[in-house]
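Student: Just passing along the structure, written as structure tokens.
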Amino acid sequence: MDFSISTIALFTLLVSYLLGSLPSGYLAGKWILGIDLREIGSGSTGATNVLRHVGKTPALFVFFIDVTKGIGAILIAKSFLLDESLQIAAGLASLSGHIWPVWLKGKGGKAVATGLGVFLGISWQVGLGSLGIFLLILSIWRIVSLASISAAISLPVLMLINSKETFSIPYIVISFIAMILVLWRHRSNLIRLIKGQEPRIGKSN
């Protein structure tokens, strides 16, 4: 049976969204402590809220799963030999699923770990570069949101540097969109950072 490129593209976008929607953090909270992370702390189902309210080991598993969701979306698109525009569409579908999961009535995470996965899938150099910036900022200030915001802001710069020889407009575009999404999801954190009220690792929200 032959499938048109549009059918394959729609299938890829749907699978990428559903993959991104996998509520790993929510499930960790429910299965381990019987809590709903959407009602605790930052209200996010991401790894940071899991770390603060469930524990280090569950947070590491959630982080790994969320990164894998982003990588998976890009690899699925690449496996179908879809072009760069459709690859970034798959990445954005995965990010959208993570932020607005259908299973949790649209209340999910902040797109940091899944975003890392997307960029590791697109360009491992950019993905590792942003991860390095995240870890550097985190080691100095011990504030996860500041590290996440810094890593997000670095994405367009890293992508531009990495694209000197093979410039890709779609990849540049997704780096800006991902940055905006992460900043928007961290808008309350930004306010607390400005006020000097953002908690460091080891303290609750």
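Positions of Cβ are set from backbone N, Cα and C atoms, glycine also.
Computed from a predicted structure; not experimentally measured.
Quick paste of what Swiss-Prot says about this protein:
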- 8-28: transmembrane segment (TRANSMEM)
- 57-77: transmembrane segment (TRANSMEM)
- 84-104: transmembrane segment (TRANSMEM)
- 118-138: transmembrane segment (TRANSMEM)
- 143-163: transmembrane segment (TRANSMEM)
- 164-184: transmembrane segment (TRANSMEM)
Student: Excluding the flanking five residues on each side, which residues at least 6 beyond the ends of the transmembrane segment (8-28) place their CB within less than 8 Å of a CB in that stretch?
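Tutor: Same-chain residues near the transmembrane segment (8-28) but 6 or more away: 36-38, 44-47, 49-50, 54, 58-59, 61-62, 65-66, 69-70, 72-73, 76-77, 80, 82, 86, 89-91, 93-98, 101-104, 108-109, 114.
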Student: May I ask for the residues of the chain that lie six or more residues beyond the transmembrane segment (84-104) and have a Cβ under 8 Å from a Cβ within it?
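Tutor: Distal contacts: 9, 12-14, 16-23, 26, 38, 45, 66, 69-70, 72-74, 76-78, 110-111, 114-115, 117-118, 121-122, 168, 170-171, 173-174, 177-178, 181, 185.
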